[in-house]
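These notes are about the structure you will find just below.
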Protein chains: 4
Amino acid sequence: MALKNRKSCMLFTEPPQQIIVAAHAVLARDSVNSEARLVSSLLSQRRLPLEPWTDQEIKSFLLNISSWDTNNFRGNIGVGEREGRYASNLVYERNFGLMHGIGRSGDIAAVQPKAAGSSLILRLTRYLVADAIRLAGIPSLVNDVPKGSPCLLPVATGMAITLVLLAVMKRQRAAHPNVKYVVWSRIDQKSCLKAMQLAGLEVVSVDQKQSDSPAEQGLVTDVEAIREKIRSLGGAESVVAIVGTTSTFAPRSPDDIPALGRIAKEFDIPLVVNNAYGLQCTKCCSLIEETSRASDARVDAVVQSTDKNFLVPIGGSIVIGRSDLVSAVGAGYPGRASMSPILDLFITLLSLGKSGWMAMLKKRRDMFKSFKTKLQQWTAQRGLRVLEVPWNRISLAIDLSSLNLDSGTAATEIGSALFTRRVSGPRVVLCENGPSKNIGSMVFSNYGSHSEDYSAAKSYMTCACAIGCEQQELDEFLVRFDHVLRDLRKKEKSISREQA
Amino acid sequence: MALKNRKSCMLFTEPPQQIIVAAHAVLARDSVNSEARLVSSLLSQRRLPLEPWTDQEIKSFLLNISSWDTNNFRGNIGVGEREGRYASNLVYERNFGLMHGIGRSGDIAAVQPKAAGSSLILRLTRYLVADAIRLAGIPSLVNDVPKGSPCLLPVATGMAITLVLLAVMKRQRAAHPNVKYVVWSRIDQKSCLKAMQLAGLEVVSVDQKQSDSPAEQGLVTDVEAIREKIRSLGGAESVVAIVGTTSTFAPRSPDDIPALGRIAKEFDIPLVVNNAYGLQCTKCCSLIEETSRASDARVDAVVQSTDKNFLVPIGGSIVIGRSDLVSAVGAGYPGRASMSPILDLFITLLSLGKSGWMAMLKKRRDMFKSFKTKLQQWTAQRGLRVLEVPWNRISLAIDLSSLNLDSGTAATEIGSALFTRRVSGPRVVLCENGPSKNIGSMVFSNYGSHSEDYSAAKSYMTCACAIGCEQQELDEFLVRFDHVLRDLRKKEKSISREQA
Amino acid sequence: MALKNRKSCMLFTEPPQQIIVAAHAVLARDSVNSEARLVSSLLSQRRLPLEPWTDQEIKSFLLNISSWDTNNFRGNIGVGEREGRYASNLVYERNFGLMHGIGRSGDIAAVQPKAAGSSLILRLTRYLVADAIRLAGIPSLVNDVPKGSPCLLPVATGMAITLVLLAVMKRQRAAHPNVKYVVWSRIDQKSCLKAMQLAGLEVVSVDQKQSDSPAEQGLVTDVEAIREKIRSLGGAESVVAIVGTTSTFAPRSPDDIPALGRIAKEFDIPLVVNNAYGLQCTKCCSLIEETSRASDARVDAVVQSTDKNFLVPIGGSIVIGRSDLVSAVGAGYPGRASMSPILDLFITLLSLGKSGWMAMLKKRRDMFKSFKTKLQQWTAQRGLRVLEVPWNRISLAIDLSSLNLDSGTAATEIGSALFTRRVSGPRVVLCENGPSKNIGSMVFSNYGSHSEDYSAAKSYMTCACAIGCEQQELDEFLVRFDHVLRDLRKKEKSISREQA
Amino acid sequence: MALKNRKSCMLFTEPPQQIIVAAHAVLARDSVNSEARLVSSLLSQRRLPLEPWTDQEIKSFLLNISSWDTNNFRGNIGVGEREGRYASNLVYERNFGLMHGIGRSGDIAAVQPKAAGSSLILRLTRYLVADAIRLAGIPSLVNDVPKGSPCLLPVATGMAITLVLLAVMKRQRAAHPNVKYVVWSRIDQKSCLKAMQLAGLEVVSVDQKQSDSPAEQGLVTDVEAIREKIRSLGGAESVVAIVGTTSTFAPRSPDDIPALGRIAKEFDIPLVVNNAYGLQCTKCCSLIEETSRASDARVDAVVQSTDKNFLVPIGGSIVIGRSDLVSAVGAGYPGRASMSPILDLFITLLSLGKSGWMAMLKKRRDMFKSFKTKLQQWTAQRGLRVLEVPWNRISLAIDLSSLNLDSGTAATEIGSALFTRRVSGPRVVLCENGPSKNIGSMVFSNYGSHSEDYSAAKSYMTCACAIGCEQQELDEFLVRFDHVLRDLRKKEKSISREQA
């Protein structure tokens with residue numbers, strides 16, 4: 001597009017010498033050019049900026065782009081039923097005037113004619129996310145913007161898994177009209193199970209098994225049981241997908257994705273991975289990358305949360321994987337969708353930049369290592385122990401068995417005592433006489449422990465060193481946990497005294 | 001005024017007399033009390049405030065509520081993997097610190113322990129929406145907050161229809177394991193069709209038929225064809241749902257929902273209504289309300305858009321209907337979801353108040369009537385006509401047949417010429433030799449005209465007088481449309497001269 | 001300045017075709033160009049934009065300009081003691097990053113090398129204000145940006161008058177070393193008097209006199225007394241300036257500026273006019289313009305408030321007048337000053353545009369006329385009257401004499417009763433046995449009535465129809481005033497009954 | 001918890017149990033109470049909060065207080081000419097609805113009846129500033145809120161000095177009608193001089209003298225010359241005030257305030273101290289505090305900048321000192337004034353808290369020490385030196401004499417070369433053949449060097465380690481300075497080669 005007469009934008013980029021002193025204007029122009037270079041570089045490189053953008057720079061850019069949507073055109077008039085109108089200034093402002101959402105009826109990743117600006121932001125965000133995932137360790141699955149992977153969905157992980165499975169199901173049914181099972185390496189996290197059930201599939205759950213190594217207390221994928229289950233169900237004729245999970249509460253380990261990938265290849269069944277908060281963890285990422293690169297394995301789709309990896313409000317997810325499948329997920333989405341989760345992600349990625357993202361990843365890794373070591377000493381001093389789960393590098397489980405708490409209530413009291421002390425996040429799990437739970441038509445014993453009969457501990461408490469966590473939070477956690485333990489002991493003493 | 005034992009809140013609500021002059025403080029206290037009364041009244045009445053809240057009042061309230069979420073607690077520490085952290089101030093600010101989204105793994109309408117504030121906003125928004133829908137004309141279907149209807153979903157209309165159908169399907173399959181068809185009164189709007197296909201259902205489309213009345217050119221529901229189709233498919237044994245649409249482009253009329261409701265009752269098949277932007281229209285609402293109240297009819301779920309009715313950014317929808325079904329839709333949602341569309345709606349409803357909402361509804365109704373009359377005169381003066389569709393009171397179709405445009409291209413040129421002149425919204429539709437379209441496995445001729453053989457016009461252009469539209473937009477539309485028509489005639493003349 | 005390689009800014013102004021569809025990008029580009037044209041036109045025309053800018057457009061422009069200040073340069077480092085640093089994000093944001101204030105040590109209107117952006121905003125605001133004043137009716141005194149008039153001061157009217165008088169004094173003392181008096185047409189408004197006293201001058205007050213016309217009750221300038229006073233003081237040898245006031249509470253009239261201007265010319269003494277909120281009033285403006293254009297008169301400086309004329313927060317003023325004097329006011333200002341009042345004014349003027357400014361002026365004029373008529377009828381019905389003051393077209397005085405209130409307290413009770421009913425603005429003034437007041441070394445009787453012996457009323461209440469006032473405020477004022485009057489009568493009755 | 005009779009505020013401070021689950025509400029209530037405690041503690045303690053407030057907490061508080069001003073009352077109507085109206089949402093928002101400014105016509109520190117909220121903020125800010133100054137090291141002069149010291153002025157340092165001198169002059173003239181001189185320990189900073197001239201005073205400048213110590217190169221107060229000058233002028237009969245300066249560019253030292261204080265006491269002449277950015281420096285503060293506490297000395301008023309000490313935008317200052325004088329400064333101010341500089345300061349102090357303020361002070365002190373040491377080594381390595389000025393602990397002067405730059409131009413080139421490299425702040429000063437400058441009627445040689453004949457260096461460059469400066473700025477400064485020096489040497493070589 002040839003633009004001969006460019007006067008119109010000139011004064012935007014050059015300080016007006018007639019109004020202020022020319023000499024002063026020179027440095028100002030350089031500054032404006034710096035900003036223009038930021039934008040230019042973003043649009044041409046389509047990678048995370050090396051250094052963070054400031055909030056002012058981000059806002060300036062958003063206001064610029066926002067003016068590309070028809071509803072923000074000077075003199076635009078709307079005589080349709082969906083014209084990006086607004087009734088509240090506050091709403092308009094907090095959305096930077098981006099009212100048209102993303103997607104078209106045909107495809108959630110498609111460009112909207114009425115909303116060139118919003119569409120550009122979606123595209124750019126996909127590029128930036130691709131770069132962030134590349135840096136996190138899964139370069140092989142994010143090479144197909146604008147067509148395929150990664151795809152951004154303004155729904156959280158659970159709903160994204162449903163959408164992926166609906167797309168998988170549609171394809172598999174074309175070849176195998178009777179498929180209906182999902183074979184699933186059990187994880188006691190309700191959303192994932194409901195996601196599969198919502199897709200109308202029958203879930204076949206395979207328990208985790210305890211690690212063979214005596215020095216470890218982790219639960220690991222029961223690969224053989226899964227293979228056997230698939231075989232007995234009839235393979236690809238009846239099994240629509242295998243679902244594994246990487247990021248998970250200890251003592252569950254990330255699933256052995258490479259092994260699941262080999263089974264998937266062997267039986268010609270798609271493998272879907274729930275990598276909800278796994279982008280922050282090198283281990284989780286490398287399991288996926290390894291599988292993706294292996295010639296004897298396959299991984300079809302991997303779903304991750306935007307909020308848990310990139311610290312935005314809940315409500316977005318990223319699907320990566322085989323590009324034809326990922327693009328089918330986007331193309332199957334009926335109609336437009338909220339821009340908000342994408343906008344939050346876009347802003348966050350610009351405000352982190354490559355340096356910020358790398359620093360956050362490194363900080364978490366380092367902090368996890370040192371906290372695990374510290375927690376091992378700390379628990380040892382108190383007659384407790386940390387369950388050893390070498391592959392799980394986000395979550396830690398503290399064995400509470402030695403407290404000899406007589407009932408489930410007593411153990412779970414620890415959780416609520418911590419919550420009252422403004423510690424959020426820890427979960428107490430009972431592995432003996434724990435709760436049983438119906439979800440859909442399925443029943444689970446000792447729900448929460450990922451297994452019907454985990455024997456390494458009677459009860460334990462998990463805590464995590466997740467991305468965005470601060471060292472002082474971990475330090476203070478131990479202080480408050482100590483208070484809770486002391487209170488517990490006092491209470492027990494007074495009870496036993498009374499009983500005596 | 002005796003104020004004992006109010007230490008915690010006292011200084012917040014009463015100006016401190018020690019610091020400023022007591023006399024001045026009295027009026028200030030009254031003002032603070034006015035605001036407290038606003039909040040108190042909102043929480044106790046749970047209805048739209050009679051008068052609009054100001055942006056300052058809304059922000060103040062949101063900041064207050066936001067402090068109820070754990071991530072905003074003073075001194076809170078997080079040791080979980082999802083703690084409402086943020087990396088960008090800009091993101092935190094634009095979301096008022098509400099980072100935890102809505103819903104729990106169990107239910108999208110459930111209260112989150114970590115996010116009492118966000119949960120409260122969701123609840124309140126459901127109450128306010130219920131009130132707004134009551135005022136719009138469907139009081140009988142919105143009486144079950146907190147348990148059931150209305151349910152708010154942070155997904156747009158299409159995806160909401162999918163979720164409703166998945167919930168319907170689950171229930172119907174329990175009784176009729178082989179259901180698989182949706183009988184659908186055709187509307188040429190892609191999202192709706194894709195929504196049904198995404199749910200994995202087979203769509204049976206029944207064309208609209210032309211109105212029997214010679215003075216009308218509207219398309220209306222072919223009630224008998226639908227009954228016959230259901231019968232031939234095997235009724236409730238194979239048909240999972242009937243889907244009808246109210247808000248629609250002219251010359252299509254709103255579906256005859258009462259008649260569909262009677263068929264639904266007769267065959268014991270759920271009726272789902274796509275009322276996307278129908279809340280703004282008394283006709284659309286009364287069709288639904290009438291059906292809901294009729295003893296010989298049923299309506300199970302009605303889906304409407306938040307953006308098209310309440311002028312918020314795209315991305316939310318409201319499901320109303322039978323409370324057990326509506327609550328099942330919420331309970332089936334896997335995991336948490338974005339707060340943003342709910343927040344935008346909450347802010348908008350407070351900033352409108354009852355008076356604002358009623359005024360917007362009335363303004364649109366009045367403007368539609370006067371615009372239709374004006375357009376009839378305007379077109380008559382130019383040898384065109386407005387297709388007469390008495391039930392459609394949002395959209396108008398201008399018959400372009402008399403222009404004798406020789407090809408589809410020429411007709412659609414009008415649309416792009418208008419777009420270039422910054423008129424967004426009009427659609428040109430060809431009813432003869434129009435485009436044929438494959439969507440999923442289905443093929444449609446003359447796509448866009450809701451019928452294989454609409455004969456009242458060769459081509460027409462639609463425009464709408466939708467909520468939020470301004471009179472000056474309608475006036476200016478005619479000015480620009482006139483320009484386009486003149487350009488068209490000039491071009492034709494010069495072509496015919498050249499040919500001569 | 002030749003800028004050959006302009007690639008860097010290109011992508012800012014053109015949507016990137018590689019990322020989104022080229023066809024969609026064309027309209028977006030047009031939109032961006034519209035915005036660029038706004039800016040370009042602002043910088044080249046330096047007049048109020050014809051139509052309002054939107055808040056998004058204003059913010060976008062401010063963020064752009066803000067990046068011209070060194071503190072916002074990418075990579076800037078500061079090793080001075082004043083580097084535009086900030087400790088609070090909130091402060092930075094609300095000031096759009098404009099931290100350097102305005103002015104240099106040499107001149108408040110000078111360009112700061114470190115702050116080209118802030119300096120540009122100041123310059124532009126002066127141009128826009130010049131245009132607004134031109135439109136308001138004083139074109140002859142605002143033609144010297146960037147050198148002289150108008151000058152913007154980030155101090156309110158009172159302090160601005162002090163600064164003007166200090167500059168006047170400095171000049172007059174060069175020729176007349178013993179000048180020390182200001183001759184002042186009395187107005188009972190404390191700030192103005194204190195402004196003269198702060199400048200170290202001795203104020204000689206000349207009372208207003210009652211209008212000669214029997215049909216009028218206004219107070220008018222006692223021109224002859226002023227001339228006589230100046231003569232008796234020794235003329236230019238001892239009188240440093242004459243100070244008159246245009247905008248004022250009824251029944252005081254605007255001073256007869258042309259007559260004062262003639263005296264000023266005659267005696268060769270500068271005339272300073274307090275036109276605090278007079279820009280909104282054609283009468284006030286024309287008095288000044290007429291004087292400025294008259295060959296036998298002079299007007300040296302005119303001071304107006306930004307808040308009272310342009311509805312911004314209190315804290316800014318505009319000095320217009322003889323360009324050499326006005327520029328001396330700016331050049332005498334010691335050091336830098338707050339940007340905030342200028343920024344508020346700049347934003348407001350852009351958001352009004354010419355059309356908004358003209359509409360506001362017209363609305364007020366029309367509203368004043370109809371309100372005066374209505375109030376005359378309304379008071380007549382209640383046995384009260386509006387004091388007739390034909391030249392005062394902002395403020396109205398309601399004669400309360402007929403209420404036969406026995407004491408000052410009773411009359412002033414009306415004011416506080418209205419305040420309690422949330423009516424702000426009315427002032428009750430006692431003209432008999434009113435309060436006497438010491439200000440500095442001066443003593444005034446019946447303070448508030450601008451005269452020692454105003455006899456047309458025993459007490460009156462003023463109210464104003466000022467710019468920004470809404471019709472419904474005026475209507476509601478009468479409703480609440482009526483309540484107050486009724487309460488008063490009830491109270492009086494009950495007292496007289498008790499006494500009986 | 002028994003909560004009787006708390007209807008008005010109850011729902012504001014307690015989550016509504018009827019709407020969300022009671023158990024979740026308990027923690028939320030605790031959180032709300034935490035915030036209420038923050039406010040309660042602020043209002044009762046009137047000290048800096050121990051820990052920073054978050055931006056959300058600050059905004060929430062401001063929106064609350066803002067509702068105490070009449071213009072934000074629900075249902076308020078205004079019929080005055082100054083009603084806090086606004087024309088731009090953007091302006092209203094960025095000012096949190098605080099439109100009424102501060103002060104009354106009677107006193108800038110007085111409470112406005114129409115603006116209880118704004119008045120409260122002003123009062124609180126004065127308390128917080130008092131606390132901050134106490135912590136900085138001048139506790140003896142800030143003990144009289146609400147009546148006297150500290151006083152906040154929404155004008156920058158220069159103008160504040162003018163206002164102080166006008167107040168001083170008024171008082172001194174009562175006793176000594178012929179006072180007209182200010183005796184001033186010279187500092188080559190234009191605003192201060194202009195401030196004295198604006199007040200209409202005749203400035204008598206006394207040069208700094210070089211330190212007697214051979215190991216030092218600092219300029220120090222010529223105490224004897226000042227005493228002699230005062231004596232020769234006639235003492236209190238003709239000298240209105242002595243003005244000294246603490247914070248200053250090296251090699252000038254802070255003035256010997258205790259010595260000046262003793263002279264002031266001896267002659268019974270007020271001492272005014274320009275402590276513009278001295279709050280950040282223990283030395284500057286202790287000089288003032290020592291003088292204030294000494295029985296044989298006096299210090300009447302001390303003026304400091306808000307921006308240079310507290311990192312807010314330019315435009316505010318703090319006057320402390322004898323409470324009667326300080327309150328006279330406030331009471332002399334004619335009319336209302338801008339709220340903005342106070343608001344910025346209030347927000348900043350809350351967002352710093354005591355811990356933040358103390359940390360900033362300490363960081364600067366530590367950084368200055370280490371930077372001075374580093375700079376001494378760095379310059380030594382390059383054949384330069386740092387001028388030794390032991391009392392100046394903010395600014396450092398690098399002697400450029402050894403560069404043998406032949407002309408002033410060459411030396412000042414260093415400054416502009418640094419500015420081009422985005423280093424702002426350094427000043428190059430010529431002590432031989434430097435510029436001479438007329439300010440008002442005064443002429444100074446070698447302007448910038450605070451002395452007619454500073455002989456320790458031919459030219460030098462100053463840089464500062466001021467509050468808010470970051471370590472990386474200082475490090476990067478040396479890198480860029482090095483580049484500039486190398487460029488300079490290259491250029492010189494090429495010139496000498498050409499000449500050869």
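Placed from the backbone N, Cα and C atoms, the Cβ positions cover glycine too.
Quick caveat, the model's predicted, so the values are computed rather than measured.
Under the heading pyridoxal 5'-phosphate binding site, TrEMBL lists A:R82. DSSP assigns A:R82 (pyridoxal 5'-phosphate binding site) to coil in the three-state reduction, placing it in neither a helix nor a strand.
The substrate binding site annotation in TrEMBL covers A:R104, A:S105, A:Q112, A:R336. Annotation for A:Q112 (substrate binding site): same-chain Cβ neighbours under 8 Å, separated by at least 6 residues, are A:H100, A:I102, A:G103, A:R104, A:S118, A:S119, A:R336.
For A:R293, A:R421, A:K490, the entry in TrEMBL reads tRNA binding site. Note: A:R421 (tRNA binding site) has non-local neighbours A:R480, A:H483, A:V484, i.e. same-chain residues 6+ apart with C-beta under 8 A of its own C-beta.
Taken from TrEMBL, the feature N6-(pyridoxal phosphate)lysine covers A:K308. Listed in sequence order, A:T157, A:S247, A:A276, A:Y277, A:Q280, A:A466, A:I467 are the same-chain residues six or more apart from A:K308 (N6-(pyridoxal phosphate)lysine) with CB atoms under 8 A from its CB.
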Spatial neighbours of A:R82 (pyridoxal 5'-phosphate binding site) that are distant in sequence (at least 6 apart) but have CB under 8 A: A:H100
Other CB atoms, at most 10 A from the CB of A:R104 (substrate binding site): 20
Euclidean distance between Cα atoms of A:S105 (substrate binding site) and A:K490 (tRNA binding site), Å: 63
Distance [Cα-Cα, Å, rounded] between A:R293 (tRNA binding site) and A:S105 (substrate binding site): 34
Neighbouring C-beta atoms (10 Å sphere around the C-beta of A:K490 (tRNA binding site)): 10
Fewest-neighbour residue among binding-site residues, criterion Cβ within 10 Å, set A:R293, A:R336: A:R293
DSSP three-state assignment (helix, strand or coil) for A:R293 (tRNA binding site): helix
Intermolecular Cβ proximity, binding-site residues A:Q112, A:R293, A:R421, A:K490 versus chain B, under 8 Å: none
Secondary structure of A:R104 (substrate binding site) (DSSP, helix/strand/coil): strand
Neighbourhood of A:S105 (substrate binding site), C-beta criterion under 8 angstroms, separation at least six: A:P334, A:G335, A:R336
Pairwise Cα distance maximum in Å, substrate-binding residues per record: A:R104, A:S105, A:Q112, A:R336: 9
